[in-house]
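Lifted from TrEMBL, the feature list:
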ACT_SITE  HIS153  active site, proton acceptor
BINDING   53-72, 244-246, 270-272, CYS288  NAD(+) binding site
BINDING   TYR97, ARG100  substrate binding site
BINDING   CYS161, CYS164, CYS202, CYS207  Zn(2+) binding site
DOMAIN    28-302  domain 'Deacetylase sirtuin-type'
Amino acid sequence: MILRHLVSVGLGPRVSSPVTRGPLVEMTRSASSDMSEFRKVFSKARHIAIITGAGVSAESGVPTFRGAAGYWRKWQSQDIATPEAFFRNPSLVWEFYHYRREVMLSKEPNTAHLAIAECEARLRKQGRSVVVITQVIDDLHRQAGSRHVLKIHGSLFETRCVSCGHVAVNQGSPICAALEGKGSPDPDTSDAKIPPEKLPRCEKSDCNGLLRPNVTWFGETLDSHVLTKVETVLDTCDLCLVVGTSSIVYPAAMFAPQVASRGVPVAEFNIGTTSETTRFTYHFQGPCGATLPLALARHESEVV
Ligand SMILES: [Zn+2]
């Protein structure tokens, strides 16, 4: 069970030495960008795993708070999305997540999200499956219509009680009265210093514990229930797409080599360049919103 060894990796941006299940199958020395070849493979695939990363959301204008331009106030995600930051200053961490939740109200799924959802619905009628495995914590895959989504880092729109562990869907805007109007990303904004009793609280009877966002923070382990499902998908898929994240960057670095080691084709779709010696089968460079609709469109062999 390969993923059992990886659950303690946490949310480091890169996995320096991805663990694999035995020797990797060298598919090609460099990945092909031949879309018609990919389309032949796609037309025969019965179970497709699609691993998505922040790049897919970025094309909808969702900020990632990573990289050179990605700041909220003076911080990046890795400074605030930690259990230590929440313990020190839950008000500040809630301001950050409140801002991210509110931002999502103005964002919509893009053509990449829609292509994935449409493909899932179409292939379902043919007895074929599409499962999305995503590191993204927003809701755009579901909004686009994807039904089978495994969120390995949790959801912006779920809370978890730090006292009783209860997880609940919460789409509230604002999530609590004290956060209304707070969370500005401007670096000159002062800390709201909301007292913990005014932050989101558990609604289970007799609990009233402090709630936190139900997302996986840096340094935390991934949800084992979700990982078990991911493992099954990776073990049974006969085509794997890596979308909006490089296959050498977490989380695809954990998953794609496992699929490739079974000789299953892996296709990357991302805006960046790939390394010269990629071990995967296909690489399509460019915005996913442009490449994915072509890749996942109805194939002439589909009869339903
Ligand atoms: Zn509780």
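Any Cβ shown, glycine's included, is placed from N, Cα and C.
Among the recorded positions GLY61, PHE65, HIS153, CYS164, CYS202, the residues whose Cβ lies under 6 Å from any atom of ligand 1 are, in sequence order, CYS164, CYS202. Here the Cα atom of HIS153 (active site, proton acceptor) is found 11 Å from that of GLY53 (NAD(+) binding site).
Note: the CA-CA distance between ARG100 (substrate binding site) and PHE65 (NAD(+) binding site) rounds to 10 Å.
The highest number of surrounding Cβ atoms within 10 Å, among the binding-site residues GLY53, GLY61, GLY244, is found at GLY244. With the fewest other C-beta atoms within 10 Å around its C-beta, ILE271 stands out among the binding-site residues CYS161, ILE271. Confidence over the domain 'Deacetylase sirtuin-type' (28-302), given as mean pLDDT on the 0 to 100 scale, stands at 93. It is 32 Å from the Cα atom of CYS164 (Zn(2+) binding site) to that of SER57 (NAD(+) binding site). Ranking the binding-site residues GLY53, PHE65, TYR97, GLY244, ILE271 by the distance of their Cα atoms from the Cα of CYS207 (Zn(2+) binding site) places TYR97 first. Closest in space to PHE65 (NAD(+) binding site), of the binding-site residues given as TYR97, CYS161, CYS202, is TYR97, taking the CA atom of each residue. Rounded to a whole number, the C-alpha distance linking GLY244 (NAD(+) binding site) with CYS161 (Zn(2+) binding site) is 31 angstrom.
CYS202 (Zn(2+) binding site) has TYR97 as its nearest neighbour among the binding-site residues GLY53, SER57, GLY61, TYR97, ILE271, going by CA to CA distance. Taking the mean position of the Cβ atoms of CYS161, CYS164, CYS202, CYS207 as the Zn(2+) site, the remaining same-chain residues with a Cβ inside 8 Å of that point are VAL162, SER163, GLY165, HIS166, GLU203, LYS204, ASN208, GLY209, LEU211.
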